[in-house]
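K.L.:
Sharing a structure with you now.
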Amino acid sequence: MKINKNIKIFFNYFLGPLLFLWLCWSIYNQVRNQDDLAASWLQIKDSFGSSKIVYFIVVVLLMLANWLAEAYKWRLAIKDVQKISIIRSFKAVLSGVSFSVSTPNSIGDYVGRVLYIDEGKRIKAATITVINNLSQLLVSLVMGLTALYFLKDAIIDSHMVSPIWFETVFYGTGLGTALLLFFYFRVSWMVQWIDRIPASRKFSWSIEALEHFNATILVRLLSLSVIRFFIFIIQYYLLFELFEVDISFWQTWMGVSVLFLILAIIPTIAIFTDLSVRGTVSLTILGLFSNNQLGISLTSVGIWLINMILPALIGSVMVLGIKKIFKSKNENA
């Protein structure tokens with residue numbers, strides 16, 4: 001246990017901040033070396049004083065729509081374990097965001113959500129949340145691979161990676177995605193298969209809720225994940241317009257899809273490395289379409305602040321409310 005604790009301290013307090021500083025320095029150098037940096041900054045300041053500020057307001061409203069869609073999706077996924085209202089589900093999702101921003105690869109999301117589930121059902125709810133999140137991951141992988149196919153020549157011609165490395169990543173990720181899709185649509189069958197193993201009976205109760213996942217529910221989860229994905233794309237496109245990044249909607253879809261694919265593959269340690277990785281990858285991929293690296297960086301930071309930090313702050317307040325409820329229950333006992 002002490003070794004695990006030391007490893008956690010190393011990642012959280014040494015390696016994480018070190019990676020953050022290194023990636024931030026890399027982003028700073030790329031922005032600083034941009035041609036006509038002063039002109040780009042002037043254009044961006046003018047945008048905030050023009051009618052384009054409406055784009056920013058719409059992006060914030062889309063953030064609410066995005067998390068409401070996720071709340072509806074999670075509510076649909078856990079209905080056989082516990083029926084909850086859309087408001088309670090929305091609070092659970094925001095609570096999950098508040099936990100996820102400071103944990104590796106958003107692991108804390110599961111903890112934050114199950115706080116809103118009754119005791120005795122939380123492990124089952126966490127197991128279902130894995131499938132719920134898998135639906136979003138699958139959409140990111142499929143969209144990313146499709147975009148990667150269209151951008152193959154541009155990526156290789158820019159010497160971003162070698163042709164052999166590109167083929168390895170493309171087909172390797174494609175194989176992994178195919179396996180995940182098989183697992184996703186055969187989840188009830190796999191639960192029944194695991195249940196036949198004698199050694200698994202000690203924990204089989206925790207995954208028995210997955211048997212209720214039929215094709216209809218799984219497709220609905222994927223459909224809602226697609227809606228959420230395109231909300232992200234629209235948000236990026238609107239902020240590109242606000243920050244004077246000359247890029248089409250088609251190019252936005254391709255660039256952001258590859259960005260999400262890379263973010264899905266690359267592990268992030270915590271909140272700051274997530275931001276710096278997003279910024280570095282955004283400049284690399286979206287730099288294929290625009291030289292306005294300042295605008296791309298500001299878009300990346302803007303998306304991070306609006307979609308992650310703002311919901312996390314709201315979720316943190318809601319978590320305080322949960323603690324008060326638990327405290328009052330204990331006092332009454």
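Here the Cβ of each residue, glycine as well, is placed from N, Cα and C on the backbone.
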K.L.:
Need the matching range: TrEMBL marks transmembrane segment on one of 99-116, 279-296, and I'd like to know which.
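P.N.:
From TrEMBL, the annotated transmembrane segment range turns out to be 279-296.
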K.L.:
Please figure out which one of 130-151, 215-238, 279-296, 302-322 racks up the most CB pairs under 8 Å against the transmembrane segment (171-194).
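P.N.:
Answer is 130-151, with the largest number of Cβ pairs below 8 Å.
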K.L.:
If we skip the immediate neighbours and take only residues 6+ beyond the ends of the transmembrane segment (302-322), which ones have a Cβ under 8 Å from one of its Cβ atoms?
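P.N.:
Same-chain contacts beyond the flanks: 56, 59-60, 63, 66-67, 91, 93-101, 112, 115-116, 232, 235-236, 239, 243, 271, 274-275, 278.
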K.L.:
Do at least three C-beta pairs under 8 angstroms join the transmembrane segment (48-69) to the transmembrane segment (215-238), pairs 6 or more apart in sequence?
P.N.:
yes
K.L.:
Under an 8 Å Cβ to Cβ limit, what residues of the same chain, 6 or more beyond the ends of the transmembrane segment (215-238), are close to it?
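P.N.:
Apart from its flanks, the transmembrane segment (215-238) reaches 55-56, 58-59, 62-63, 65-66, 69-70, 72-73, 76-77, 131-132, 135-136, 138-140, 143, 184-185, 187, 247, 249, 252-253, 256-257, 260, 299, 303, 306-307.
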